[in-house]
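Asks: In case it's useful when we look at the structure, here is the feature table from Swiss-Prot:
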- CYS35: heme c binding site (BINDING)
- HIS86, HIS187: heme b 2 binding site (BINDING)
- HIS100, HIS202: heme b 1 binding site (BINDING)
- 32-52: transmembrane segment (TRANSMEM)
- 90-110: transmembrane segment (TRANSMEM)
- 116-136: transmembrane segment (TRANSMEM)
- 186-206: transmembrane segment (TRANSMEM)
Amino acid sequence: MSKVYDWFDERLEIQAIADDISSKYVPPHVNIFYCLGGITFTCFLVQVATGFAMTFYYRPTVVEAFASVQYIMTEVNFGWLIRSIHRWSASMMVLMMILHVFRVWLTGGFKKPRELTWTTGVIMAVCTVSFGVTGYSLPWDQVGYWAVKIVTGVPDAIPVVGPTIVELLRGGVGVGQATLTRFYSLHTFVLPLLTAVFMLMHFLMIRKQGISGPL
C-alpha cells in the first residue's frame, strides 16, 4: 500500500498538500464565532445533496410541480425527510450567513488587505438570498405563485428599464411556465455554480491571507 501511495505522492505531492493544510497557523484569538462561515459552507453542501436528490422526482411544470412535491412528501422513501432537511438547512444557511457577516464586520475582517475576500462574501450573500427567492416558488402553490408575482414585479418601478427587467425575469408579460423554468434553472444550476466558484475564490484568499487579527 505504501508503494501505491509513494507512486501518487511522487507525481501529485500529496504529502506536501496535506502538510500545508494541517499545519496552517491559527491565531490564538480565534473562537467559536469564527466557525460561522464553515457552518454556512456545511449547510450549502447539505443543500446540494438534498436538492440533487429531489431533482429525480420534481417536475418543473406549472401543471405537475405541486403534485410532484406532494409525491416527494408522501410516496418517495424518506422524501419527507429529505425535503424537510433541505428546508431546515436553507433557514440555517441564511441565519449562519447573516451571523458570519456580522462577525466579519465587527472584527474588521473586511479591511485591507482583505477587501476582495469581503467582496466575494457579499456576492455569496446575494446568491444565498436568491436561493431563497427562487426555491420558494418551485412548489408552485398559492404562496409560491404570489411570491414570484410580487418579487418579479418590484423592478417595474425602475424608470425606463423596469418593464424590460420584469419581462426578462418572468419570461413574458405574466407569470407562467417560462417564469417557473427560469427560477428552476437559476435555483438548480446558475446559483449553485456561481456560489461554488465564489466559495473557491473566498477560501483561496483566506488560505493566502490568513485570518484577520483582533481589533
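One is the number of the first residue shown, and numbering goes on along the chain from there.
Backbone N, Cα and C define each Cβ position, glycine as well.
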Asks: Give the one range among 32-52, 90-110, 186-206 whose Cβ atoms make the most pairs under 8 Å with those of the transmembrane segment (116-136).
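Replies: The stretch I would name here is 186-206.
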Asks: Please report, as numbers and ranges, the same-chain residues at least 6 past the borders of the transmembrane segment (32-52) whose CB is under 8 Å from any CB of it.
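Replies: For the transmembrane segment (32-52), the sequence-distant neighbours (Cβ-Cβ under 8 Å, at least 6 residues beyond its ends) are 82-83, 85-86, 89-90, 92-93, 96-97, 99-100, 103, 131, 187-188, 192, 195, 199, 211.
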Asks: If I take the Cα of CYS35 (heme c binding site) as reference, which of the binding-site residues HIS86, HIS100, HIS187, HIS202 has the closest Cα?
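Replies: Sorting the binding-site residues by distance from CYS35 (heme c binding site), the top entry is HIS100.
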Asks: For the C-alpha pair, I'd like the distance in angstrom between HIS100 (heme b 1 binding site) and HIS86 (heme b 2 binding site), rounded off.
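Replies: That separation, Cα to Cα, works out to 20 Å.
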Asks: Which Cβ among the binding-site residues (HIS86, HIS100, HIS187, HIS202) has the fewest C-beta neighbours inside 10 Å?
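Replies: Comparing Cβ neighbour counts within 10 Å for the binding-site residues HIS86, HIS100, HIS187, HIS202 gives HIS86.
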Asks: Over all shown protein chains, what is the count of other CB atoms within 10 A of the CB belonging to CYS35 (heme c binding site)?
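Replies: Result for CYS35 (heme c binding site): 14 other Cβ atoms within 10 Å.
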Asks: Determine, to the nearest whole angstrom, how far the Cα atom of HIS202 (heme b 1 binding site) is from the Cα atom of HIS187 (heme b 2 binding site).
Replies: 21
